[in-house]
Amino acid sequence: MIEEGGNKRKTMAEKRQLFIEMRAQNFDVIRLSTYRTACKLRFVQKRCNLHLVDIWNMIEAFRDNGLNTLDHATEISVSRLETVISSIYYQLNKRLPSTHQINVEQSISLLLNFMIAAYDSEGRGKLTVFSVKAMLATMCGGKMLDKLRYIFSQMSDSNGLMMFGKLDQFLKEALKLPTAVFEGPSFGYTEHAVRTCFPQQKKIMLNMFLDTMMADPPPQCLVWLPLMHRLAHVENVFHPVECSYCHCESMMGFRYRCQQCHNYQLCQNCFWRGHAGGPHSNQHQMKELSSWKSPAKKLSHAISKSLGCVPSREPPHPVFPEQPEKPLDLAHIVPPRPLTNMNDTMVSHMSSGVPTPTKRLQYGQDMPNLLADEHALIASYVARLQHCTRVLDSPSRLDEEHRLIARYAARLAAEAGNMTRPPTDASFNFDANKQQRQLIAELENKNREILQEIQRLRLEHEQASQPTPEKAQQNPTLLAELRLLRQRKDELEQRMSALQESRRELMVQLEGLMKLLKAQATGSPHTSPTHGGGRSMPMPVRSTSAGSTPTHGPQDSLSGVGGDVQEAFAQGTRRNLRNDLLVAADSITNTMSSLVKELHSGETQRFPLVSSSPSCPLPCPTIPTHSPSFHATFPSRNTRDLHPVPPSHMVSLY
């Protein structure tokens, strides 16, 4: 007894778990019933992971579990409902990556308990097929347009006209959802709900139904449905705007701007709870914004709108054909008798193109005629597909097709049961079943191998996409080395520029010295015995060693230098400039020595006083103070740099 009591309490806790978590979110403080209902149902949708399943996956689950062949008023047990929900979540986990797998057992328990609480309040343990379809189609994810198209297919007849009785039944089932989250007083079912949607009793086609349901505003009883879809779209929208009440620096979700107060904007939490401050009042009209535009985009849009460049708004939904597609005529096809425990497997094998044993189709002598009719129907169906692009888009057509297949399968099973078969048929059926089992086993093994290979490739892709710690550690080192190399490059470029500038200054000094020496040699009245009177100054000897500046050519480095130095250094692009400079300095020194000798021989006759300079190897004449003087700067023979020679090595001539 104690164990039974504990199990009952555990079961009751599981049934109330979703509602306890929903109350913890404190949605009841939202003052507007529409937003309060939409937030609660959105919470249930996300908590049950229904937002990951779209309407097409729901339709596939309905067909896999045979709900499309059942009448809407048929009741199913809770155990079968649990099977349907389990197939939905297990198929969902197959589509999701391994890193985003959901807890299937928990999701099944939450959704099953919520559906029982919403649609089986009396505790009968049974739900109608239409209730299950309406609830799952409303609460699943995906586009609202696709949901409404599927819902209309469940409420329309073969001519594509909506049946108001079916619409009333749908509203009765759909409005049980707000009642389940304690919003029945605001959005409970009433007998006049159909008239609020379609006041005029007239023929309602698909396009008119979509226009009404997707209008702004929508019907009052279903106003929470499009709002729930908008909540899903703006959950992650970021607004870099400060809230005027709570002063948060940014907003997520909806943003509300007052139409009367200047630059007064509220986040969704403050607006939903009715907060207001300053001159703003809750009675002011607010505009709901689901995105943020920069001032530049606003200005561009305003200019485009004023110039008429803004395109017209697209319609809320495409226009669908008024007449529904006619279902396929399968009267000439007699499908094979499905096995009791292999129905789903055989359907999957036939759809995947795997050849199945054809001997099971030979139930009589008219088998060639049946195959001929089947091929003719397939050919006509292919021709129809080539001319119609929306054949496969109609859920009603597929439902009728499955219903027709099931009816012929049942008739074939009844005929086969009444037939008396010879003993050879039993052995043949046994062989056919054995072949089927072998084929199924082979396909299951192959499917298992394919799933393992997919899992392995997925793990390799995830490992390759994630950065390893070694790469993360190498990146700072590489950045530091790159920074040092750039710094070293800048230093070398600065050093090279300084050397080029020093070299140019030295060339300018040499040019001035050579001009001065040439002028002195030309103006001298006496000549040396070893030098003729009209002989010009000897040019420096060119060096044969190769070498050039890496970034500047010879003409660039000698810019601003006179013709004599350029003539001495311009030729020979591959030589050592340092050695050339030393050779040029030696030649100038020799020329100076010759000039001093000539001056000494000439001045000895004019001036009797001669003084000897300790810095000069030859006696130098003492020139009067009024004589012009010049200074020549020579590079030292012991240095190997291109910088100017210090004053201690300078020779002065008077």
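Just so it is clear, glycine is given a Cβ too, placed from its N, Cα and C backbone atoms.
Pulled from Swiss-Prot:
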MOD_RES   Met1  N-acetylmethionine
MOD_RES   Thr11  phosphothreonine
MOD_RES   Thr69  phosphothreonine
MOD_RES   Thr179  phosphothreonine
MOD_RES   Thr212  phosphothreonine
BINDING   Cys258, Cys261, His280, His284  Zn(2+) 2 binding site
MOD_RES   Ser394  phosphoserine
MOD_RES   Thr424  phosphothreonine
REGION    520-562  region 'Disordered'
COMPBIAS  521-530  compositional bias 'Polar residues'
COMPBIAS  542-558  compositional bias 'Polar residues'
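Feature map: Swiss-Prot annotations on the structure.
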residue	record	DSSP (3 states)
Thr69	phosphothreonine	helix
Thr179	phosphothreonine	helix
Thr212	phosphothreonine	helix
Cys258	Zn(2+) 2 binding site	strand
His280	Zn(2+) 2 binding site	coil
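Counting only same-chain residues at least 6 apart in sequence, those with a Cβ under 8 Å from the Cβ of Thr179 (phosphothreonine) are Ala118, Phe187, Gly188, Tyr189. Around Thr212 (phosphothreonine), taking its Cβ as the centre, 15 other Cβ atoms fall within 10 Å, counting all chains. Around the Cβ of Cys258 (Zn(2+) 2 binding site), the same chain contributes Tyr264, Gln265, Leu266, His280, His284, Gln285, Met286, Lys287, each under 8 angstroms and 6 or more positions distant in sequence. By the criterion of other Cβ atoms within 10 Å of the residue's own Cβ, the least surrounded of the binding-site residues Cys261, His280, His284 is His284. Across the fold, the C-alpha of Cys261 (Zn(2+) 2 binding site) and the C-alpha of Thr212 (phosphothreonine) stand 33 Å from each other.
Taking the mean position of the Cβ atoms of Cys258, Cys261, His280, His284 as the Zn(2+) 2 site, the remaining same-chain residues with a Cβ inside 8 Å of that point are Gln259, Gln260, Tyr264, Ala276, Pro279, Ser281, Met286.
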